[in-house]
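Input: a single structure, listed below in structure tokens.
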């Protein structure tokens, strides 16, 4: 991308605003090196990435990027053996914490169902160095000092230092409080010179205290003396301080070596958080300028809906719809100067540059933009004083360069094409230049005030006229772009509003050809038609938005209704299942009683006992089952029944075997130890195939129930989860399952570790592994059973 294009389209000013939203020098460095890309896939990915960060901001308000600094030079110094200072080590620890915190932040959102595939990939590259981080913070305090607890030796040395300092101060303070002190001392204070404790002694009493003179006042009347009685104590103190310094250096070297070992990982983490800072800066900037994600196409057309210039206050600027590349490849904006034509031109250019840089652009949703390999712009008066070039010559030098390089993958922006020379020749040149660029397939937006170019838009298939609306009543441009309507000067209307007499204006009209007057009148009618059409469109758009709002409200109500309905159905189902479970338990109790009767050698159970047992079985079934109508389609009459056939007795939900037919509609059926008469309408023939696949059903205490092939533990407390795993594995073994899956999610990893620790000890487990990509990855453990 040409540097001149970036400059005239004020790309660097956008970058300056973007810089304000970075959280660290790492992100700022990324912004400073930002340039538009020309790779379609890269641009799409950058836009998607910015959109994910914008989603995070919408949901959370911010991202935890605090505490991150550029530690790359410090890490590289550690790598070559230089000792790092406490503050440098603390910066490394803080940055490691910041990267770890950012990783956890994104992963927590993903675990809660927020789809962030690109950001999730970014944070997956961050490697936690918690142990190193804690070693540093355990040794270095928040103020950058090495703390006493950094080592036992350092704690002992500092205890010695504090003891020595206390003894020295005590002796010196006794001296300053003595009866002669006021006479011999300049002041009753204890101070420090050359890291040794001293007292201020008057010049004439220097020999009283003995010791060493370390300093004197500016007047020479006061000497700062270390009295002889504390010289040994001060010496001991200095020795302890030397030991302290040596121990601190040892600790810092040890920590520096730890950093050097993990240097490559630390630098990799820094690169990831630098990218994250950069990504979120783009998202915050999008929020600031009310920008949206454009649809990026490779079809060489753009559709900017309600586009605004990002550097102009959104409350002031008038948004415009700008389309280019489908029905027409060139827009020629005509009309007088100071009408906002240049702003429109720059809006197109800066939106393209921003989109190709991965920035969201200030447009409405569903706007589309394409990728250009080159963007050329000839905007403004950039004549060169050094080269003694006129305005026209300066523009022409730039245009010649554009004509040499422009092709079908280029966007070309011309401001006041052909200006600065004779109007007739300038207009002719402008037409010729536009033809040349259009023939090369480039997309072109050009502004001009030459009336000759109004006809140009009608004489070329791929060219359309446009103008910026002017309000004659207020004598000011509205900055509203009118596609399909050429501009007009409005000179007569403006002059009339300013007080010029009608006579002079009428005479002026006579100097203009009839054809020109007709064209001006036609343009005025086009403007009026455009306004009416736009007003109708705005009304239709308002109705559409109102309909969408109503539709969303109805959808919300339907969803709420369905949720309430489902909740009630689930509740009713749960209650029904509880009743059925209670009935099954009651039935098991009855069967157990009958078995006990049989064990008591009462082989012939009396009729009244059977009747009583049968009625109790029927009474144990809940009302839900009793009232259920038998489905005639599945009943036995469709199958020719024979003695020995296996059937299901629908009333009890139990299997039985046909003994003999006792009437046209009844059979004698053996159900366990019971023998009873059952109507054919209450039976269902069981067709047992020769080879049957193993069903996911286990039988426990005469009870059939379904065992799932997977166990979902997400959201469970650790203790409850372990209890469920134990029961589930037992049930799965009873069901003869060869393989099952346990879903524990990714999260912090505690539940996953707990599950796998348990599996290692379980006798029924053959092997286990993480799930493959299609099975749930690290969030699932697949278990092979013996």
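We count from 1, first residue shown onward.
Glycine residues also receive a Cβ, built from the backbone N, Cα and C atoms like all the rest.
Feature annotations, courtesy of Swiss-Prot:
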{"type": "BINDING", "residues": "335, 336, 337, 338, 339, 340, 341, 342", "note": "ATP binding site"}
{"type": "DOMAIN", "residues": "711-786", "note": "domain 'Smr'"}
Three-state composition of the domain 'Smr' (711-786), taking helix and strand from DSSP: 35 helix, 19 strand, 22 coil
Distant-in-sequence Cβ neighbours of residue 340 (ATP binding site), under 8 Å, six or more positions away: 318, 468, 477, 479
Coarse DSSP state, helix versus strand versus coil, of residue 341 (ATP binding site): helix
335, 342 as binding-site residues, winner by CB count within 10 A: 335
Protein Cβ atoms within 10 Å of residue 341 (ATP binding site), excluding its own: 27
For residue 335 (ATP binding site), the three-state class that DSSP assigns: coil
